[in-house]
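K.L.:
Before I ask anything, here is the structure I am working with.
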């Protein structure tokens, strides 16, 4: 069940948007403020509310690292705040000065996209907070946008009902009439899916609109072939315009909020309804899943934000897929492992794992070598698929044992570091993440956006040992 665990009632007018980082929740409102809360106890942070806009605040979003928070307003600006202290980092005026309706950070934190009521698009460099590129949608106001998880493209939605795909150079790749009466929101899942037959990787996208509909789409992006947008199906349930939609961090669920005052949570793979939440007393304007915990925030014109907690593994009614066992993984029986395999879509391996007496402890210790040499899984693709699911399970096991100290998390990926290195800015990063950052010809610090005096990366052996000791403690 989805349980209502907190109601925030600090705004004095309609709530327009809410957004999570790994440790915070931000909300914004017609009352011109942005409020920021700690996820540990939902207390408002000392620097909140943020008062920098002169008119209604329409949208807010955190950078992937969680260190910056952006908000945009009818006043024609996007303000970037330091999420740790609340101070203003930049005030970005939209070209033409039109009311800014939506803003999103790129997945690598190097750019911030802002869209406005006059249909203008602006991409700002986060290195110096300078305008990189600008453009316009074909018709109408720009009211929605979302980046692909790899940052190669982004999608925008307009009040005329169009969904438009753009590459990272702001070239239009394709355009689709999606909602007759106008798009209101869109989101792209952070988890690509494969078609299995041709090896293509698709991105799932959800959109909603004034036509009362929520639609699921598949996006195929190829560097040389452009992009293709395919309609998949329509999700039913709302009786009035749908104002907000979002995927869960694992892509297995999506949520929508409507003028009918309801919030509906769906299972992405089937389109089945998991929950219908009806606690708001006026239009539901925003909804967002937390990236690292089973939390959902919904905001409304009733001036409140509701925080919900739920079971991420709960299947829809009538779905016969077995749920992941709730006992600690290391204590799983062989039958528990079989149930987990089925829940992950790995039914073909149930017999093989049973034959080799794989219990929870054995499962967590499986490697590429043991999958190939001991279980005799010959296909590299199948081994990778199984190992990927096991890695996800290991991460969940670690998280369940206790949240890692913030200094153990890479500022770029916000994941536990395996091979930490110290950069010239004095901060430690996951080696692969920092090398990827530098490989795209960036010479700026991911933390400060200032130029790096050197590209040298020095292994942080002390931090690596500390993380190893923490892991040993929390994996017992």
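Every residue gets a Cβ built from N, Cα and C, even glycine.
The shown structure was predicted, so the numbers you read here are calculated from the model rather than taken from an experiment.
Feature annotation from TrEMBL assigns repeat 'WD' to 8-47, 50-91, 100-127, 146-167, 235-276, 277-311. For 332-396, the entry in TrEMBL reads domain 'SAM'. The domain 'U-box' feature in TrEMBL is assigned to 403-476.
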K.L.:
Considering only the recorded stretches 100-127, 146-167, 235-276, 277-311, state which has the highest number of Cβ pairs under 8 Å to the repeat 'WD' (50-91).
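P.N.:
Looking at each of 100-127, 146-167, 235-276, 277-311 in turn, the most contacts to the repeat 'WD' (50-91) are made by 100-127.
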K.L.:
Same-chain Cβ contacts of the repeat 'WD' (235-276) under 8 Å, 6 or more residues past its ends?
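P.N.:
For the repeat 'WD' (235-276), the sequence-distant neighbours (Cβ-Cβ under 8 Å, at least 6 residues beyond its ends) are 1-2, 181, 184-191, 193, 204, 206-216, 282-292, 296, 298, 300, 310, 312, 314-319.
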K.L.:
Sequence-remote contacts (6 or more beyond its ends) of the repeat 'WD' (277-311), Cβ cut-off under 8 Å?
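P.N.:
Same-chain residues near the repeat 'WD' (277-311) but 6 or more away: 1-9, 11-22, 25, 27, 29, 39, 42, 243-249, 253, 255-259, 261-265, 399, 414.
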